[in-house]
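Enquirer: Let me begin by handing over the structure; questions about it come next.
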Amino acid sequence: MVLSWALAVLSLLPLLEAQSPECANLTAAPITNATLDQLSGKWFYIASAFRYPEFNESSRTIQAAFFYFDINYTEDKILVRDYLTIGNQCVYNSSYLNVQRENGSLSKHEFGKEQLGYLLLTKDPTTFMLAFFPKDEQNMGLSFYTDKPQATQEQMREFHEAIMCMGMQKSEIVYSDEKQDVCGPLEKEHQEEKQKENEGS
């Protein structure tokens, strides 16, 4: 699923800064080991707005989602373990993202092509956003993630500002609902299996 990875964008920054002073709050930079340290761990999908048809359709099927990023620094890859609630059922996936350090993006082969998500960091280290097709008005998109199941009002305000900076409307946003999550039991099962493997090794 694109929303799981649907992950500082150099090409976007001039566009953001030109439109509004608030847009300068989005930080764009190449990805470093420190950036990857910040991304490592568990994240929750909060909301997104997509104009790219496949992404838009995919986002509307997801009731709730969380995922884990496991970083491989030497190979510049991220193992993503997704827990998606779709149709009141838990769907588990694991896949790899390629880290493009220079242009601040993560890529994955999906929908028949290599898809790029540009990593946008704010001053809050407990959130991040992914921008897609930022210069393409017909296909642009933005997804938002936090390290807690629910975002604070301030975190949502930053996401809404970013949406408007890209030239999108708040009415295009699709929100998740962590209360509909049914993946907790499977996550617990996986954690117990991992603990047994660690104890046995």
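Note: Cβ is positioned from N, Cα and C throughout, glycine not excepted.
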Enquirer: Going by the disulfide annotation in TrEMBL, which one of CYS90, CYS165 is bonded to CYS183?
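Expert: Of the candidates CYS90, CYS165, the one TrEMBL pairs with CYS183 is CYS90.
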Enquirer: Mind tallying the region 'Disordered' (181-201) by DSSP state, helix then strand then coil?
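Expert: Taking each residue of the region 'Disordered' (181-201) in turn, the totals are 17 helix, 0 strand, 4 coil.
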Enquirer: Since the record lists CYS90, CYS165, CYS183 as disulfide-bonded residues, which of them has the fewest other Cβ atoms within 10 Å of its Cβ?
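Expert: Comparing Cβ neighbour counts within 10 Å for the disulfide-bonded residues CYS90, CYS165, CYS183 gives CYS90.
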Enquirer: Determine how many residues of the domain 'Lipocalin/cytosolic fatty-acid binding' (40-179) DSSP places in helix, in strand and in coil.
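Expert: When I sort the residues of the domain 'Lipocalin/cytosolic fatty-acid binding' (40-179) into the three classes, I find 27 helix, 72 strand, 41 coil.
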